[in-house]
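Have a look at the structure below before the remarks.
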Amino acid sequence: MTPCCQWDPKITTPPGLYLIAVGVLNPLGWILDKNLCTLHSFRLLNVFALVIHVYLFKVILDIQIPQAKSRNAISAFSLGLFPIQFTFSFFFYSDAFSTLLILLSFTFYLKNWHIPAAVFGGCSVFLRQTNILWIFLMGFNTLANNLLKVLYPKPPSKDIICSASILKDFMRRLWMRMWVSSKKTTQKKSTPLSHVLLKIFLDLCGYVLIGISFLIFLYYNGGIVLGDKSAHAPVLHIPQWLYQTFIIAFFLTPFVITNFKSILMYMKERLHFFIALLILAVLALKFNSHVHPYLLADNRHLSFYLWRRIFEPWNIFLAPLYVFFVFALHFLICHESFFFQITFYACSILTVVPQKLFEFRYFVLPFYFLRLHLRRGSWITVLLELLGFLVVDMLWLFLYVTKSFDWADETYPQRIIW
């Protein structure tokens, strides 16, 4: 399989996908006595990964919402049709297996099996470097959940744990537990601090090792990007988060519509935050917008048309809509732990804000992590989501099959993808 051993130094991600392809297709080709180092074999691997996605979505949703297993099955199938991921799963891109490994990691995290969670998460970094952020999310929330169990013998109410008010009380209790000696902290029913620290160490050691390894990689590589560093030099690009919010909210339209009145009430109660965020959004769009040359040069991607026809001419005018979607998405996950909320926002923002290139694939994992935590969906909402994804997928397939154009420096006709 000589072609599988070639490497293009312009590739900016690690060779994890190619190692998986060789690791699967080489033994299988030997067993079948066939050369499976073909384009069709490579693409079929990603289709196989997409099928496993659906199974993992069902497992994760059943853990998150155990009382809605029938609805979870529809949601899992729907998420398998999520247009951006669905599209790239038919090509030899790293997204399918990158997402698969993160989903495996997240599944084990939810089951409190943290060593395999860290192992699969670490493997995912060999396909996409920014996956380290989602490993951080799992590691941080593992720490927070362990400390919550120790500091709150009686679990705090949902209203408290989901709001920022938990932070002050959490830090006060942590200080008391660690440094203040009192009868209350030395009672027999209180878990010894050594046991607490051992439990935290055992749960976190895998995540910490992955984090340290990644820091060593950053030091020796001189940055997060492999290959052509000049084409993907980090910048501060705040509007990317607004674009991400816009795209995620678009694909969650059924959830936004069915909760529309509640979202408006939620936003009305925080009108001063809306106005402040709107001002910041306008300033960011006006003075911090970047346009990558790749975006303007490559008309094979839908991002090219979205930028040229909507974002570029109407960006400032879209600011109120961007901010509304920020509130809408926050409303949809405000039932989650405050610690999950802050790490989700941190990871989502850090995934895109350092990126100059507007690229739909950067939004896949933020979308999945948010969608897998939604509990405000009814049967109608989930069915509308499924129908919407089917329509978008069919429209893309129609466009892909019927629309082609030639590039002077390419032999084959070019087609449009996400």
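Cβ from N, Cα, C; glycine included.
Straight from TrEMBL, the features:
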- 16-32: transmembrane segment (TRANSMEM)
- 44-66: transmembrane segment (TRANSMEM)
- 86-110: transmembrane segment (TRANSMEM)
- 196-221: transmembrane segment (TRANSMEM)
- 241-260: transmembrane segment (TRANSMEM)
- 272-294: transmembrane segment (TRANSMEM)
- 314-333: transmembrane segment (TRANSMEM)
- 338-358: transmembrane segment (TRANSMEM)
- 378-401: transmembrane segment (TRANSMEM)
Could you check whether the transmembrane segment (86-110) packs against the transmembrane segment (196-221) - three or more CB pairs closer than 8 Å, residues at least 6 apart in sequence?
no
Where among 16-32, 196-221, 272-294, 378-401 do we find the most Cβ pairs under 8 Å to the transmembrane segment (338-358)?
272-294
Below 8 angstroms Cβ to Cβ, which residues of this chain, lying six or more residues outside the transmembrane segment (314-333), approach it?
239, 242, 245-246, 248-249, 252, 255-256, 259, 262-263, 266-267, 270, 274, 277-278, 281-282, 285-286, 289, 340-341, 344, 370, 373-374, 376
Same-chain residues near the transmembrane segment (378-401), Cβ under 8 Å, at least 6 residues beyond its ends:
71, 74-75, 77-78, 81-83, 86-87, 251-255, 257-258, 302, 415-418
